[in-house]
């Protein structure tokens, strides 16, 4: 019974990773890794983002016509912060690529690799025995490749669990429908480009005079 449940849980975890998505798990794990290790790059990134947002908020409140010197100073500070933030994001992305390789390797070992290992180790052991005559002469294939006759092998049980879980996923989707995905048009992305948008109080160029 313990082998039956263990194999089912391994297959379920593997499917759960597929449902969530490796990219989502990678981002979550990497953010947690940066916080646990107290990475100076991540700390600097958070501080820099906060400073840029505060400076930009003050910039929006400053009149470019009445307080041009202060406005220009704040604008230079925002531009400098954005340039530094872009450089810092590149360094973090470079570090993340190395982390991604290790993460994918560990994830494969804990899901697919572990399923292969369990299947090979218990290849000659029966997960459970079927009542005699349930499947008639076709019952022999349930014990393939090496389990005792009249039993269900690890490989067959793995395929059965995977099939049942996938069918259960389809039933849930048919009943409740797909989860809504936020539209990129209605959701603002927290990107440096958003921070770099020109304030409304930016001085406008005077219209050119047409020569008569």
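Keep in mind that glycine also has a Cβ here, set from the backbone N, Cα and C atoms.
A TrEMBL annotation is a machine prediction, not a hand-curated record.
Residues 105-122 are the range that TrEMBL records as transmembrane segment, among 51-68, 69-86, 87-104, 105-122.
In TrEMBL, the annotation region 'Disordered' applies to 183-212, one of the ranges 153-182, 183-212.
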